[in-house]
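Worksheet: one structure, shown below.
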Amino acid sequence: MAETKDVFGQEPHPVEDDLYKERTRKRRKSDRDQRFRAFPSMEQSALKEYEKLESRTRRVLSNTYQKLIQSVFLDDSIPNGVKYLINRLLALIEKPTVDPIYIALFGSTGAGKSSLINAIIQQAMFLPVSGESICTSCIVQVSSGCCVQYEAKIHLLSDQEWREELKNLTKLLHRTEELSREEADAWNRDEAVEEATWKLQMIYGNGAESKNYEELLRAKPKRKIPTSRVITLKAEEAEELSIKLDPYIRTQRRDWDGEAAEMRIWPLIKHVEVTLPKSDLIPEGVVLVDIPGTGDFNSKRDEMWKKTIDKCSVIWVISDIERVSGGQAHEDLLNESIKACQRGFCRDVALVVTKMDKLHLPEYLRERKAGNQAIQSQREAVLERNEMIKLQRTRILKEKLKRKLPADFKVLEASDLVYTVSAQEYWQQALLTEEETEIPKLREYIRKSLLDKKKRTVTKYVTEAFGLLLLTDSFNSTQNLPNEHLHMSVLRRFAEEKVELLEKAIAQCFACMEQPLQEGVRTARTSYRCILRACLVRSKGNQGFHQTLKAVCLKNGIYASRTLARIDLNEALTQPVYDQIDPVFGSIFRTGKPTGSALMPHIDAFKQSLQEKMTEIGIRSGWKYDSCKKNFLIQEISAILGGLEDHILRRKRRIYESLTASVQSDLKLCYEEAAQITGKKACERMKDAIRRGVDRQVAEGMFERAQERMQHQFQQLKTGIVEKVKGSITTMLALASSQGDGLYKELADVGSEYKEMEKLHRSLREVAENARLRKGMQEFLLRASPSKAGPPGTSL
């Protein structure tokens with residue numbers, strides 16, 4: 001028999017092969033160690049243990065998959081049960097390790113978002129900070145990865161997306177009549193006109209604002225646009241990439257006459273992704289997202305703005321010390337963040353107050369209420385003021401969250417709702433220590449979030465894999481086949497009864513929305529005129545508002561710019577409804593103790609009842625000899641119903657936004673009519689057209705239709721949940737009883753894989769216990785360590 005040869009026709013050398021395997025093992029270990037550089041040694045140990053568990057589990061699954069494929073490869077037909085196993089194994093093998101944790105830094109221009117990111121990643125001036133020039137409204141994502149260089153990918157609008165924006169920009173600038181000098185001055189001072197003019201000039205040069213849509217389509221941009229619509233920048237050092245990136249994400253003043261080609265492309269930028277090499281401070285798997293506070297005039301960028309907010313599991317509302325105690329912009333940011341908790345994946349909201357080193361000591365001492373201790377230095381004043389701000393803003397934020405969210409929502413239990421940070425002091429440490437700037441505290445939060453998610457994900461992954469291996473191994477067993485059909489019939493009837501009860505429980509849960517919806521609709525009907533007046537009337541009249549209002553109409557009731565507060569007529573009109581439904585909506589989609597209004601606890605109770613019944617039937621009917629089957633059913637029920645949570649979260653956003661989407665759809669013709677108005681007193685005539693259109697739609701039941709559409713969305717979710725549960729459980733029971741139903745096929749022996757998987761599953765408890773022990777040791781050491789003193793030279 002010929003000896004086995006490798007693909008190059010040479011015999012493999014055992015010594016060289018061993019050396020290659022050893023080098024590969026060391027390289028993988030080194031890569032894993034590099035990935036965890038951002039964590040302290042105790043947390044690194046926990047992560048490595050979980051990583052090892054996951055890696056070994058994937059290897060066992062891959063070996064099992066290969067054996068199953070080989071055992072059925074030549075068969076004309078594959079039993080349904082085997083197909084199910086193969087598909088589930090493949091899905092688990094290809095499942096991502098951990099979905100990234102997106103942390104939004106959400107704030108207005110100048111709030112200090114970029115400075116904060118620079119401090120967190122320990123790269124001063126890496127992202128351009130807002131000075132005399134302001135940054136673009138594009139989203140910037142910063143993460144660390146396995147790359148060896150610093151890299152930035154600048155994603156541009158597609159040709160179709162730019163054409164859509166170009167059409168709206170030219171409509172905005174189109175004049176059909178001669179204007180008086182006063183009217184022309186007002187036109188030129190209109191913020192929307194200035195923005196549109198500037199964008200066209202940046203792309204096509206001076207004079208572009210006077211050309212029509214067709215002329216600009218034929219015009220050649222000042223800078224060549226890559227056909228891939230992606231610009232990739234790379235550099236060996238952070239400073240080098242920063243210099244290359246700066247022109248793309250910093251927009252210059254409107255009176256700037258420079259000719260740098262990079263500067264001229266910013267109106268086309270959709271978003272930017274920056275990847276750092278493996279970092280000592282930011283772990284791989286965390287994405288910091290710099291999100292501007294107002295959205296964008298371009299539909300795609302604005303849609304991405306909202307979707308990015310909704311996919312973030314953590315939102316830090318960034319506000320500097322001079323703006324946090326008032327101002328509509330700050331309130332708007334908080335409201336948008338709370339809505340993200342309702343409609344998106346957000347589980348944690350915190351206020352990050354920046355520039356906390358700013359303090360005028362004489363003024364502070366004059367306004368300071370008499371305290372127990374006299375202030376001796378600037379440092380003491382800053383620390384006292386920071387603590388006071390933290391207490392005040394925590395109380396205010398908690399009260400605001402309580403009005404909108406369920407009382408047991410996780411964010412309300414957070415130990416830190418407000419952070420007081422100073423990026424400048426982090427670098428200089430003239431007044432505050434590094435710890436007192438709270439930058440390390442934010443890094444610790446990031447690490448803890450990733451570590452907790454890794455633990456949950458790996459535990460779920462190993463448990464799910466163990467369930468599959470249990471059944472795969474039991475397929476080759478022929479014990480208790482005569483009684484199998486009876487066992488499954490009892491379980492199937494029980495499951496059908498429980499599904500009916502679950503459907504009723506979901507219906508009762510969603511019925512809780514009916515009363516607040518009705519009350520909200522009544523309030524909206526009586527208050528919509530006042531709301532509309534507040535949106536349409538400006539304190540300084542129509543000066544500078546004419547084309548801004550036209551932009552609102554061109555975008556179906558929404559206008560977002562880099563400098564003005566976001567305008568959303570549809571959201572404003574439906575706000576009275578949201579004020580009524582928000583607490584109940586949050587209660588429905590929360591996790592916690594089972595109540596009449598919470599959805600997930602009902603699904604958890606359904607899961608528990610099925611698992612208990614399986615255990616009961618197993619004990620009573622002899623499954624003690626086939627514990628693999630019982631354990632598989634219990635594990636698979638968890639996997640099936642666990643997957644429902646993602647489905648529910650995805651539908652939640654559509655349900656929540658159905659009110660504004662309905663109103664926007666009903667007012668579409670009204671907006672289109674108003675956008676066509678030109679000539680004398682066009683602004684007032686546009687307002688009248690909007691008022692008439694809204695009056696007409698309200699009289700015809702606009703708010704009632706919005707209510708019906710939301711209720712229809714809830715009904716669709718209920719139907720989807722029940723159908724998914726029925727289908728999955730039917731498939732699972734058919735698989736478990738496949739031997740008795742004639743679907744049995746002898747498979748390859750996976751006994752060794754099952755034994756290894758059993759060991760890995762037992763290891764979960766040991767790893768969790770080790771992690772708890774390390775955490776306790778770490779907390780003890782932190783308590784025992786002396787607190788840091790202030791920087792030298794700070795006391796009088």
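Placement of Cβ uses the backbone N, Cα and C atoms for every residue, glycine included.
Per Swiss-Prot, the features are:
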REGION    1-35  region 'Disordered'
COMPBIAS  1-22  compositional bias 'Basic and acidic residues'
BINDING   Gly107, Ser108, Thr109, Gly110, Ala111, Gly112, Lys113, Ser114  GTP binding site
COILED    158-185  coiled coil
COILED    745-775  coiled coil
Worksheet, complete the sentence: One residue among the binding-site residues Ser108, Thr109, Ser114 has the fewest other C-beta atoms within 10 A of its C-beta, namely Thr109
Worksheet item: Taking the Cβ of Lys113 (GTP binding site) as centre, how many other Cβ atoms lie within 10 Å?
Response: 29
Practice prompt. Across the whole of the coiled coil (745-775), what does the mean pLDDT come to? Round it, please.
Written response: 82
Worksheet item: Long-range same-chain neighbours of Gly112 (GTP binding site), Cβ under 8 Å, sequence gap at least 6?
Response: Val129, Ile318, Asp320, Thr354, Lys355, Ala423
Practice prompt. Please report the DSSP secondary structure of Gly107 (GTP binding site), reduced to three states.
Written response: strand
Worksheet item: Of all the binding-site residues given, Gly107, Gly110, which has the fewest Cβ neighbours within 10 Å once its own Cβ is left out?
Response: Gly110
Practice prompt. Just jot down the residues in the same chain as Ala111 (GTP binding site), at least 6 apart in sequence, with C-beta under 8 A of its C-beta; none if empty.
Written response: Gly293, Ile318, Ser319, Asp320, Arg323, Thr354
